[in-house]
Amino acid sequence: MILSALLTSVGINLGLCFLFFTLYSVLRKQPWNSAVYAPRQIGDEEEEEDGFFNFDMLLPSAGWVRRAWQVSEDELLCRSGLDAVVFIRIFVFSSRVFAIGGAIGIFVLLPVNYLGNQLSIDFYDLPNKNLETFSISNVNDGSNWLWVHFSAAYIFTGVVCYLLYYEYNHISLRRIASFHSSPPQPRHYTIVVRGIPSSEGRSFSEAVQAFFTDNHPSTYLSHMVVHRTSKIRSLIKDAEKLYRTLARAKSQSSQQINKKDRLLGLFQGRDTDVSHYEQKLEDLERNVRTEQHSLTEIHQEVPAAFVSFKSRFGAAVALHMQQGLDPTEWLTEEAPEPRDIHWSSFSSSFMKRWISRIVVVVACVALTILFLIPVVLVQGLANLEQLETWFPFLKGILDLTIVSQIVTGYLPSLILQLFLYLVPPVMLMLSSMEGYLSSSSTEKSACTKVLWFTIWNIFFANVLSGSAFYQVNIFLEPKNIPKILAEAVPGQATFFISYVVTSGWTKLSSEISQLTSLLWSYVTGVFSSNDDEEIEVPKLPYHSEIPRILFFGLLGTTYFFLAPLILPFLLIYFCIGYITFRNQLLNVYEPKYETNGRFWPIVHGSTIFSLILMHVIAIGIFGLKKLPLASTLTVPLPILTLLFNEYCRRRFVPLFQYYPTESIVKKDKEDQNRPNMAEFYDKLVTAYRDPALLPVQYARNNSSLSSPLLQSQV
């Protein structure tokens, strides 16, 4: 791998970035853009001229940068929630870490590496030299200059741990402050009860009321038993689709239907008669009411219920105490937000959830193994000699300088990134099979899966496949792991720098432009005949974005003292990402749920793992460089890091699991003086009612095509 290939990769990505921003500017200012979903810029003035080409359209506006920068963290919290603040704090933390690490790496470690003579260097042919000349591999074996790297590892670890503690403390305080400043919320007064014991002649609803009336007489308020409503939800979904079809049919009936429309009607089953659709819709509505009425029967109940209390403290007591003599019955867990509930998960039995989780583990392992196929392909592209061995007829083409630079410097990371786009949705699907009661829990689980999948398949598989992938003793003899990693990791520095540019910089440019969404909206707007269809505002996919950021943090931490040339590329990514996602959270994405910062422990754990990995590699690299004393003195570093992690786990993790009694009681006392608490309790009784059970009524007398199909009545 040569520096010219890296420069080629950077150049290509800079060109792609300019293309993304140019297309964004043009699409944002086109007259047909009114129906296209695009980033909304606060304060943008309307264009004076519409429909005419202007050279200014090719110049992306930078006003959004200033507006995104000026918004305070408190404003971001009010508008997008604590999860958005935590997401931005990841960029803040990473920028601080790699600003300090980059200063040490570029101004201290890089000159030391460059001035070594372990590898032969031709100063007159520097652009074509191997990146290892800028890495620790170029430092002479046994050189005292290696003590600079040793000191840097200790300093960098101290900086990261200090900043980790600062961020953990800051976010935990934010979490408590957000709790104190928030109005009464149903989830703070409600718990989920599962494993309700069944008894002959008595429904689950009666059992719940009797149990909590007897055991929590002073705090129990009400309950809502969960029913099997999957069939009703399916009927309502069919009714909504039929109403849209009816709306289009009414629109077509008011105009002259041409021959093309009649031909299309043949493929739609010839059901273009408005009265037929109206009758069919009435039948669906009648079926919905019939199914809702049948849910009053005992056999339609699920052994789970939402139980609400008169105070937060009453709900907390019921949540943390074992309710029944049998620990497998009356199981309690924290209730999610009403908008965050995954209703279909309640129908799953304990045995089904247990089996599903085993199946998900097996599926994740199988996916990890299958993903080694594109990894091997990428390694072949990164190694021209191996590629020429596989495909001898390409030797003449690969000898061309520009082709070899693109193939080795850009194409491997691009192919790997294309395959990686499939991973987050697959992991989200697998997590949904595990039976979590909320979408936020499902996404947290998917976030963890994507993170460790990325670390293993992008880092370890790429590192070990070229040198030690077939060495089984890496698993059988753990003592050889530091040596194997020390031999393999430095040689992949160029690939990972190219990966940061390809996956990171290009992703940020496509993120701010929303090019895929713009083009898709334009295409569907041109070919769709339903102009009244609402555009769904997207939410930020934390399960895919957080693992990407944390993986870049792992690369920077690992290569901090091995190949510090990667640090400026990472710092640029984190700085641009900070501004980009502040704009997106303010103007593009809409929060669908709120976990109150519970993604941060994942960030903390990933950072600690990155530090431990750096320490293990440091132990091995100092041993290979024949400086055993430095290798020995590095051993306490991972031990100290693990002790720090244990302290943080005991100090902060409980605050991210449950709110403390002191805060709950204080909040309950404050709410006693609220004049609208009686109204809140009335709403709390029905807050966790399944939307499929709400009364529905078709608006027959409303001729407006924009009126809703189903009107909810409480």
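Keep in mind that glycine also has a Cβ here, set from the backbone N, Cα and C atoms.
Residues annotated as coiled coil in TrEMBL: 232-301.
What TrEMBL lists as domain 'CSC1/OSCA1-like N-terminal transmembrane' is 5-167.
Feature annotation from TrEMBL assigns domain 'CSC1/OSCA1-like cytosolic' to 188-344.
As annotated by TrEMBL, domain 'CSC1/OSCA1-like 7TM region' applies to 357-622. Taking the domain 'CSC1/OSCA1-like 7TM region' (357-622) as a whole, pLDDT averages 79 in the prediction.
Feature annotation from TrEMBL assigns transmembrane segment to 6-27 (among others).
Feature annotation from TrEMBL assigns transmembrane segment to 97-116 (among others).
Annotated transmembrane segment per TrEMBL: 145-165 (among others), in sequence order.
Residues of the same chain lying 6 or more positions beyond the ends of the transmembrane segment (354-378) and with a Cβ under 8 Å from any Cβ of it are 348, 412-413, 415-416, 419, 423, 426-427, 430-431, 433-435, 449, 453, 456-458, 461-462, 465. Annotation comment: TrEMBL describes 354-378 (among others) as transmembrane segment.
TrEMBL lists 450-470 (among others) with the feature transmembrane segment.
Feature annotation from TrEMBL assigns transmembrane segment to 549-579 (among others). Within its own chain, the transmembrane segment (549-579) is flanked in space by residues 65, 68-69, 88, 90-92, 94-95, 97-99, 101-102, 104-106, 109-110, 113, 131-132, 134-136, 149, 152-153, 156, 160, 451, 454-455, 458-459, 489-490, 493, 496-497, 499-501, 504-505, 508, 602-603, 606-607, 609-611, 613-614, 617-618, 621, which lie at least six positions past its ends and keep a Cβ under 8 Å from the stretch.
Packing against the transmembrane segment (599-624) from elsewhere in the chain are residues 83, 86-87, 89-90, 93, 136, 141, 146, 149-150, 153, 156-157, 160-161, 164, 167-168, 171, 444, 447-448, 451, 455, 481-487, 489-490, 542, 546, 550, 553-554, 557-558, 560-562, 630-631, 634-635, 637-638, 641-642, 644-645, 648, 652-653, 656: each is 6 or more residues past its ends and has a CB under 8 Å from a CB in it. Sequence annotations record features per position, and here TrEMBL assigns transmembrane segment to 599-624 (among others).
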Beyond the flanks of the transmembrane segment (97-116) by at least 6 residues, Cβ under 8 Å:
133-140, 143, 145, 148-149, 152, 155-156, 159-160, 163, 553, 556-557, 560-561, 564-565, 567-568, 570-571, 574
